[in-house]
Amino acid sequence: MTSYSYRQSSSTSSFGGMGGGSMRFGAGGAFRAPSIHGGSGGRGVSVSSARFVSSSSGGYGGGYGGALATSDGLLAGNEKLTMQNLNDRLASYLEKVRALEEANGDLEVKIRDWYQKQGPGPARDYSHYFKTIEDLRDQILGATIENSKIVLQIDNARLAADDFRTKFETEQALRMSVEADINGLRRVLDELTLARTDLEMQIEGLKEELAYLKKNHEEEMSVLKGQVGGQVSVEVDSAPGIDLAKILSDMRSQYEVIAEKNRKDAEAWFISQTEELNREVAGHTEQLQISKTEVTDLRRTLQGLEIELQSQLSMKAALEGTLAETEARFGAQLAQIQALISGIEAQLSDVRADTERQNQEYQHLMDIKTRLEQEIATYRNLLEGQDAYFNDLSLAKAL
């Protein structure tokens, strides 16, 4: 049980509590407050009898030599009302203190329960998410490296194709040049053929002319022989006659030599030109065959490279599609995980804000409790001081 006692000075004083009321005592008089015994929370409060004491000294520090008038019945009604008011206010204070203590206890229990439910608690295990994310990153990195290798291979294949294309264009230009040379040689061959035909025709003409000359010569010889055989030899002294047979023989010999020489020269020139042309044609034909073989090989190589390039491009497109699909799928998963993390962070922020608000409310309630305890201590000091004052007055009266 807790005991409270009031002590009131002779000067006028007033104080208020949470109930909003006030107590006032007039100067020149004092009363002896009874002992107040109250249980926990203001229950079982009992008040003893009170008596009013009048003093002419009017202060605490003055002597007690003045006359003291006492009366148990004086202002008895006022004392009862005052004490009843004090008892009611004290009971109200104690009831409020008890209610605040209960509310404080309830809040502490709620805060403890909330911390147990919403507090840090057992942390959620995201290790399997981390492992999955790490595996996905490794897969993406591997796919990126593989894609880079494929791109490098494609670039190498493109460079090789460009090189082969350049070689092909060079060989094609060489082939066209060789074909142009062959066409030129063909024109030369045609010209040589025409020249050969012309020479053959000239030879035939010369042969015909030679045959005609032979025939004409034979006819003339026959005529001359007939004329010589039928003539009478007459010897006259004259200049020696011209030997026509010898002249004709010499002319025939000269013509035959000239014709044979022309024939041999023409035949030798024709043979030399034909052999040279055949050699050139053979050389160009061999070179043309080699060029055709190289062109065929290059064309076959180019077709193989084009097929390989198409396959590499198809593989690249497939890998790019797979990479895009993988990035989209794992991007969606990462977005879901990020949304989950954002939701958890929002919940954590709400929990922190709620905790801060409850801490502020708790601090506010603690401040109210502290002020109430200070007021109760003030009442206690007032009661104890009033009791000591009345005890001093009682001792002075006894003396």
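Any Cβ shown, glycine's included, is placed from N, Cα and C.
Summarising the annotation, Swiss-Prot assigns domain 'IF rod' to 79-390 and lists sequence analysis as the type of evidence.
According to Swiss-Prot, the phosphoserine annotation covers SER14 (among others), on the basis of similarity to another entry.
Per Swiss-Prot, phosphoserine is recorded for SER22 (among others), and the stated evidence type is similarity to another entry.
Annotated omega-N-methylarginine per Swiss-Prot: ARG24 (among others), in sequence order.
The annotation asymmetric dimethylarginine is assigned in Swiss-Prot to ARG24 on the grounds of similarity to another entry.
Among the features that Swiss-Prot reports, omega-N-methylarginine is placed at ARG32 (among others), with the record citing similarity to another entry.
Taken from Swiss-Prot, the feature phosphoserine applies to SER35 (among others), supported by similarity to another entry.
Feature annotation from Swiss-Prot assigns phosphoserine to SER40 (among others); the stated evidence is similarity to another entry.
Annotation comment: Swiss-Prot describes ARG43 (among others) as omega-N-methylarginine, evidence class similarity to another entry.
Among the features that Swiss-Prot reports, omega-N-methylarginine is placed at ARG51 (among others).
The annotation phosphoserine is assigned in Swiss-Prot to SER57 (among others) on the grounds of similarity to another entry.
Here Swiss-Prot flags SER71 (among others) as phosphoserine.
In three-state terms derived from DSSP, SER394 (phosphoserine) belongs to a helical segment. Sequence annotations record features per position, and here Swiss-Prot assigns phosphoserine to SER394 (among others).
Residues or ranges marked as region 'Head' by Swiss-Prot: 1-78.
Per-residue pLDDT, averaged along the region 'Linker 12' (225-247), amounts to 59 for this model. For 225-247, the entry in Swiss-Prot reads region 'Linker 12'.
Swiss-Prot lists 248-386 with the feature region 'Coil 2'.
Across the region 'Coil 2' (248-386), DSSP helix (H, G, I), strand (E, B) and coil residues number 139 helix, 0 strand, 0 coil. Of all Cβ atoms in the protein chains displayed, 15 besides its own lie within 10 Å of the Cβ of SER394 (phosphoserine).
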